[in-house]
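A.B. asks: Structure in structure tokens, see below.
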Amino acid sequence: MGKALDGVRILDFTHVQSGPTCTQLLAWFGADVIKVERAGAGDITREQLRDIPDADSLYFTMLNHNKRSVTIDTKNPEGKLVLEALIQKCDVLVENFAPGALDRMGFTWGRIQELNPKMIVASVKGFGPGPYEDCKVYENVAQCVGGSASTTGFDDGPPVVTGAQIGDSGTGLHLALGIVTALYQRTMTGRGQKVLAAMQDGVLNLCRVKLRDQQRLERTGVMKEYPQYPNGTFGEAVPRAGNASGGGQPGWILKCKGWEHDPNAYIYFITQAPVWVKICNVIGKEEWATDPEYATPTARLPRLKEIFAEIERWTMTKTKFEAMEILNKYDIPCGPILSMKEIAEDDSLRKTGTIVEVDHPVRGKYLTVGNPIKLSDSPTDVTRSPLLGEHTDEVMAELGYSREQIEALRTAGAI
Ligand code: COA
């Protein structure tokens, strides 16, 4: 079976996490992704957080599946010529260098258009145009400037960054959508264009509901589903909401059986209004179903702490999986807090290809996260990440270089 992006060639000039997540997705959809790296070093993540000496780190392998690797010194004049040949052959150039690095290399938007007017140039940057456009940015900085950190954590503690890589992988996802959209537009206009995904913008897009709440707060001075209500105080900005639900159905994380020794023996419990009577029955508080102090969502808002404490008395008598099984029977929305160990061992995730075991010639077998987006006509086969420069000769030959020319360029340090 063919793949959705068969025939699309990506010149992958990305490194670290944000850019590589984007090009990995495109590779999973069938694009030929040619990753350009510096000879001898490569993407810095090859050697970061290594768990096996001399083997590409999991950081690198888990972000660079299904790609080919070529080494080119793009600051070497002859290396630049090789890059020019690649620009002429590819459909999309994806990069996430520090601002200005591509221009300093000599590959301005104008120059790239001269070489290939159909080329789409897609970039991740920390910030969009404005006062911070020249700044380098990493994941947690993006979380801080995109509104996530100030709204994550508990009211009495400092801002907190989340483990979900919303700045890097989240922006990579945004960029991938921008690229396929630009490819689609090109089928009608015949022209390439620039695609920019700024990490601050990507994080803010994912924190959209908090900007919603900022405006609600400014208008009404209170947000009744936040834990600060009714006894705490609200300031000028959206406060940290602990584990409160981001939507209109109140939720909280509750202890389950075994919480004293298992840090993940918890469940997320949502008191969804349509199943309130069932919740009352399950936890043995049948009287709450008709008591006007508890029977409606509005009446419950000032009592959420007390209500969750009562539900927790019930969840603490069950393991998180037992609680989930019972609650699901009654359509009560909930979710166990799964550890990474539990996720890694989850059979159903392996069956769907969301967790995949991959074999690597140097490190052996390891687990990775497969393509989270499933297309019925374009299934994803996850293949291992390339060794540094593994495909240099192959790609150079496709560009028309002879064996002798390749050797000469290697001797000159251009590839
Ligand atoms: N041959 C020759 N030189 C190369 C090369 C190659 N194949 N590939 C990269 N380089 C050069 C670049 O041209 C640049 O040189 P310059 O500074 O002289 O212009 C240099 O390598 C370093 O690139 P840079 O992007 O500045 O790397 P860094 O390690 O200093 O910064 C980041 C890393 C991630 C902070 C930075 O790239 C960045 O802010 N990127 C945008 C935002 C982003 O994606 N952040 C998240 C990363 S997960």
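Cβ atoms are placed via backbone N, Cα and C, with glycine included.
Checked TrEMBL, it gives:
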- ASP168: active site, nucleophile (ACT_SITE)
- GLN17, SER18, ARG38, ASN96, PHE97, ALA98, ARG104, LYS136, VAL137, TYR138, GLU139: CoA binding site (BINDING)
- GLY247, GLY248, GLN249: substrate binding site (BINDING)
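How buried are the listed features, and what sits near them?
C.D. replies: Counting only same-chain residues six or more apart in sequence, the Cβ atoms lying under 8 angstroms from the Cβ of ASP168 (active site, nucleophile) belong to VAL16, GLN17, SER18, THR21, TYR138, GLU139, ALA142, MET199.
For PHE97 (CoA binding site), applying a Cβ distance below 8 Å and a minimum sequence separation of six or more within one chain yields PHE13, HIS15.
GLN249 (substrate binding site) falls within neither a helix nor a strand when secondary structure is assigned with DSSP, and so counts as coil. When other Cβ atoms within 10 Å of the Cβ of GLN249 (substrate binding site) are tallied across all protein chains shown, the result is 15.
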A.B. asks: Out of GLN17, ARG38, GLY247, GLY248, GLN249, which binding-site residues lie by ligand 1, with a C-beta less than 6 Å from some atom of it?
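C.D. replies: Going through GLN17, ARG38, GLY247, GLY248, GLN249 in sequence order, those close to ligand 1 turn out to be GLN17, ARG38.
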A.B. asks: Can you give me the Cα-Cα distance between GLY248 (substrate binding site) and ARG38 (CoA binding site) in Å, rounded to a whole number?
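C.D. replies: Rounded to a whole number, the Cα-Cα distance is 50 Å.
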A.B. asks: Looking at the binding-site residues ARG38, ARG104, VAL137, whose Cα is closest in space to that of GLY247 (substrate binding site)?
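C.D. replies: Nearest candidate: VAL137.
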A.B. asks: In Å, how long is the longest CA to CA span across GLN17, SER18, ARG38, ASN96, PHE97, ALA98, ARG104, LYS136, VAL137, TYR138, GLU139, which the record gives as the CoA binders?
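C.D. replies: Comparing all Cα pairs, the maximum is 24 Å.
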A.B. asks: Could you tell me which of these binding-site residues, ARG38, ARG104, has the fewest other Cβ atoms within 10 Å of its Cβ?
C.D. replies: ARG104
A.B. asks: Return the residues near VAL137 (CoA binding site), defined as same-chain residues 6+ apart in sequence whose C-beta is under 8 angstroms from its C-beta, sorted by sequence, else 'none'.
C.D. replies: LYS125, GLY126, PHE127, VAL145, GLY167, MET199, GLN200
A.B. asks: Inside 10 Å of the Cβ of GLU139 (CoA binding site), count up the other Cβ atoms and send me the figure.
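C.D. replies: There are 22 of them.
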